[in-house]
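Taken from TrEMBL, the feature region 'Disordered' covers 62-130. The compositional bias 'Acidic residues' annotation in TrEMBL covers 81-96. Sequence annotations record features per position, and here TrEMBL assigns compositional bias 'Low complexity' to 97-111. According to TrEMBL, the feature domain 'Glycosyl hydrolase family 13 catalytic' maps to 342-702. The annotation active site, nucleophile is assigned in TrEMBL to Asp485. Annotation source TrEMBL lists active site, proton donor at Glu540.
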Amino acid sequence: MASFAVSGARLGVVRPGGGGAARSGAERRSGVDLPSVLFRRKDSFSRTVLNCAGAPGKVLVPGGGSDDLLSSTEPAVDTPVESEELQAPDEADLVVEETTSSSAAKASSTVEVEEKPEPSAAIEGTGETVTDGVAVKAKAPLVEEKPRVVPPPGDGQRIYQIDPMLEGFRNHLDYRYSEYKRMRAAIDQHEGGLDAFSRGYEKLGFTRTAEGITYREWAPGAHSAALVGDFNNWNPNADAMTRNEYGVWEIFLPNNADGSPAIPHGSRVKIRMDTPSGVKDSIPAWIKFAVQAPGEIPYNGIYYDPPEEEKYVFKHPQPKRPKSLRIYESHVGMSSPEPKINTYANFRDEVLPRIKRLGYNAVQIMAIQEHSYYASFGYHVTNFFAPSSRFGTPEDLKSLIDKAHELGLLVLMDIVHSHSSNNTLDGLNGFDGTDTHYFHGGPRGHHWMWDSRLFNYGSWEVLRYLLSNARWWLEEYKFDGFRFDGVTSMMYTHHGLQVAFTGNYGEYFGFATDVDAVVYLMLVNDLIHGLYPEAVSIGEDVSGMPTFCIPIQDGGVGFDYRLHMAVPDKWIELLKQSDEYWKMGDIVHTLTNRRWLEKCVTYAESHDQALVGDKTIAFWLMDKDMYDFMALDRPSTPRIDRGIALHKMIRLVTMGLGGEGYLNFMGNEFGHPEWIDFPRGPQSLPNGSVIPGNNYSFDKCRRRFDLGDADYLRYRGMQEFDQAMQHLEEKYEFMTAEHSYVSRKHEEDKMIIFERGDLVFVFNFHWSNSYFDYRVGCFKPGKYKIVLDSDDGLFGGFNRLDHDAEYFTADWPHDNRPCSFSVYAPSRTAVVYALAEDG
């Protein structure tokens, strides 16, 4: 989700450290905001243990629902009242949550801290181990696993060697790194390290042992709390919760007399709280599944703990990270040719084999985290730990990921930690009746353009929540990494709105930078790369912040890749004018303008360009002619011929020059003729005007893969070219080749020629001129042959080149290259030449 706007932004200023009110002395000493969820020793817990009646057996999961489910009262939340600031506990009271990661914790920081507190007696000596949030009796391990360790911080100084221009901003950057090291030290001291800290789901939310179920929730603003649900007939007096001094509410539900759990799998649960804003029912913040009941608008939290025989068991190892990423961006719900919401199972069986066949090596899946509003494209998350129930069950998602691994595909999750849904009934907003629970209070906590809430990354418990969330998806579901959405919005208090980033370093390292958010990004990348070395992290940053993809120990933010967002914007700019006016140097500059040693994922278009109100590249090029002239049994038009030719050239030059990874949104590979329009009704605006809906139609919320597969349509040729392009990269790995040189960008001839690895790319963007005996400079001498030709008839071209021809170099320097060869360069054609293996 890009961070752009047209009106109304107000620049904010953050004091060093990114704070709100001044911290207390105890908070300064510990170096964090509100380290509040700290579990006490067993003898200090005040537990309420009640005999709970069994549930009525109602199950609310896809395919197992009931139309007569009991409903709960959901009163509206009144004007929020800010919660009273909690005092940081005395260090004598601090208790480490886990003991299993002590070896990792010892290695996780070189910063001097005070002596760590003793491990919690509530964890020691139980004879149990926690796995996937459920504690079971420990068994002797069959294979001793090597402990995973988050490396200690480095000195953060190498960034100045990589980019000497950063010296002028050393004060900011050194301060940023000191804040990161301070937070690492505090986590080591108070939590036993990032490993333990990121296992919040093993303590908060629902956890089960052999004796029963424990439910804990951090809600410091609530006056009272009770667990309600189908299991106790929604009786708020049946299962009251107790609160510790840090705002953590807790209840233990022992097993029923027959040994069954007090809360049956699949039944609905909520926490009922008396809050400063009134009595409200909320879905637990750490819920693992949420479902919308028939006839209801708000979602219901589901206690999800299937019996062992129903749990999906992963069968295939996760693939190793490929040298270059070729990403197929996908949305499960709209991945069917039929106008409906598709399922994880169908995506697994129908779409994954297609992705593999096309030659991509990674699938990026959008809209995984549960979101109550389908048309948000998954970006208004309501339940961060729950996979969307629209598409199936958590077990179905695990099966999908396992199948992708069997095919050798990485599975990347489009994760949203930049903001949260505004919903108060089924989201985090106003969870405990206050405005400042998980989010900043006041205007700073509201994204005026996205109509969503903004996390307070300086809060200890927000850090626990988000870091644990990232780990949950890697650990429980075996995702292979993330594409972090909206990172620009996180890193600046102006969120990138109405700001034209010019490349001036003062735009990146000043008072508009949210240091707390940048430190969170450093911590989450620490976690990902330390505990999951093969995992991939990609950041959606439109600002171009320097150091974004530099390792953390060197002083960077730690992402593996940034999305090269300037590229699709450039193509839209060019497509608004005739290609006669395109500047070859402008195209080359945009594609190659990226920071040294910072890798990019490039793309010509993503889901953003496919949404209603925008246009895909294919539609910019061919417009309404796509509806009438794409059948091979009828004559083409000049607009169709131009569109198909340029569609292929745009994609190949983007992949060839634009970065070390490539992304395509599903369907765009064959020039999908329809935009994306989610089912929606009319929307009333504050000014009284009404935006008409589409009568809740799914017609434009699908992907017509049948068009790309049809051998009687011209879409097939564009799809075949995209497939050939992906397989060419797989064979030659040109995106990550060390050798890269642009030898020609000729404005009059409209020619672009460059080398990438051992390949020579020749692009003739001229609309009418074809060139005979066109001299092409190259670095390596020998015999060259055509390995990809956009004019091939298979790709909808005109077959103007002889693929059996051989091109021998001569010792004739050309375009600053030591040798050269001559080619025929047809108009609007891209051709790739490779040294012949027998040359």
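Glycine residues also receive a Cβ, built from the backbone N, Cα and C atoms like all the rest.
Keep in mind that this is a model prediction, so the values were computed, not measured.
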**Fill in**
Glu540 (active site, proton donor), Cβ-centred 10 Å count of other Cβ atoms over all protein chains shown, is 23
**Prompt:** About how far apart, in whole Å, are the alpha carbons (Cα) of the residue listed as 'active site, nucleophile' and Glu540 (active site, proton donor)?
**Reply:** 5
**Fill in**
Counting across all protein chains, other CB atoms within 10 angstroms of the CB of the residue listed as 'active site, nucleophile' number 25
**Request:** Grab the pLDDT values for the domain 'Glycosyl hydrolase family 13 catalytic' (342-702) and give me their mean, rounded.
**Result:** 94
